[in-house]
Amino acid sequence: MTDSNKKIYVSDVTLRDGMHAIRHQYSLQSAVAIAQALDEAGVDSIEVAHGDGLAGSSFNYGFGAHTDLEWIEAVAATVKRAQVATLLLPGIGTVHDLRAAYDAGARVVRIATHCTEADISKQHIEYARSLGMDTVGFLMMSHMTSPEALAKQAKLMESYGAQCVYVVDSGVALNMRDVAERFDAFKAVLDPATQTGMHAHHNLSLGVANSIVALEHGCDRVDASLTGMGAGAGNAPLEVFIAAVDRMKLKHGCDVKQLIDAAEDIVRPLQERPVRVDRETLALGYAGVYSSFLRHTEAAAAKYGLSAFDIMVELGKRRMVGGQEDMIVDVALDMLKARELANQEAA
């Protein structure tokens, strides 16, 4: 059962995961407006970076409207209460990028790896701790390994110095039982002082439910975003999550009405593609595909005259993971070739 006396650490990701929804094009003005609203509403941290983390701006992932440091500096100069967080994927961002983000005002960092590759986070976690940052391990695509194996990876991150480790449902393939099993496995091996967190997506409409189940199984921190602004069908919608836990009489420290207003008045008008469950975003969850593949897959489908749904299902069959965005075009070309051969045989 959830401890009603325990304060939930509310981690907003509108200005990082939400970058995916608008192709990393937040203006500084929009970033400041969102950060100010979140800060006033009482969230604990506000994550800021390119959608793929520090140094993610690239041909492979898409170029940002601004640099990570420009966004971080703007938000850090705005907030009065919330901590500024950022994300780093080893192999994309470096310790030099992390130092620059720290100097720009970031005080929380989430070091993200694939769920079976925690060992590549050692250098970055140790460096973050040396800076005095609140250091979090972030195990992406957590559905792709067993609860026990995931817990071993979490234990590695803890051994490097991570103060919190997350179950990250990047592929949106976890149901409530899956979430419960992973947090129970974490609890069995992690030091009681090490916190745990949940990063949910909403492609199967389970973002809020999975986050609440995580809390029921000892989770300390929950990620969410205004309107669910994020990759795929988005993250757990922050305003919905807070409304739900408020009705449960759980401690969250946020103003529900302010979050609802910020979601509707500031964030929703920025969406060039509605962040919702639809044919394409549902396909991501159904196939267990990395949520940030959405916009890349839609572009490939339009270019080659294919179904985005079919491409995503094939990506799922091939067990593609984050960082393999370049393979989306390869898969599309394979499917195009197969269709042409089928047409020739039919003729």
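Note: Cβ is positioned from N, Cα and C throughout, glycine not excepted.
As the structure is a computational prediction, the values presented were derived from the model and not from experiment.
Binding of Mn(2+) is attributed by Swiss-Prot to His199, His201, and within the candidate set Asp17, Asp39, Asp44 the record adds Asp17 to that site. Under DSSP, Tyr290 (substrate binding site) is assigned to coil, being neither helix nor strand in the three-state scheme. His201 (Mn(2+) binding site) sits 10 Å from Asp17 (substrate binding site), taking the C-alpha atoms as the reference points. When other Cβ atoms within 10 Å of the Cβ of Arg16 (substrate binding site) are tallied across all protein chains shown, the result is 30.
His199 (substrate binding site) sits 15 Å from His20 (active site, proton acceptor), taking the Cα positions as reference. Its Cβ placed at the centre, Ser170 (substrate binding site) has 31 other Cβ atoms within 10 Å.
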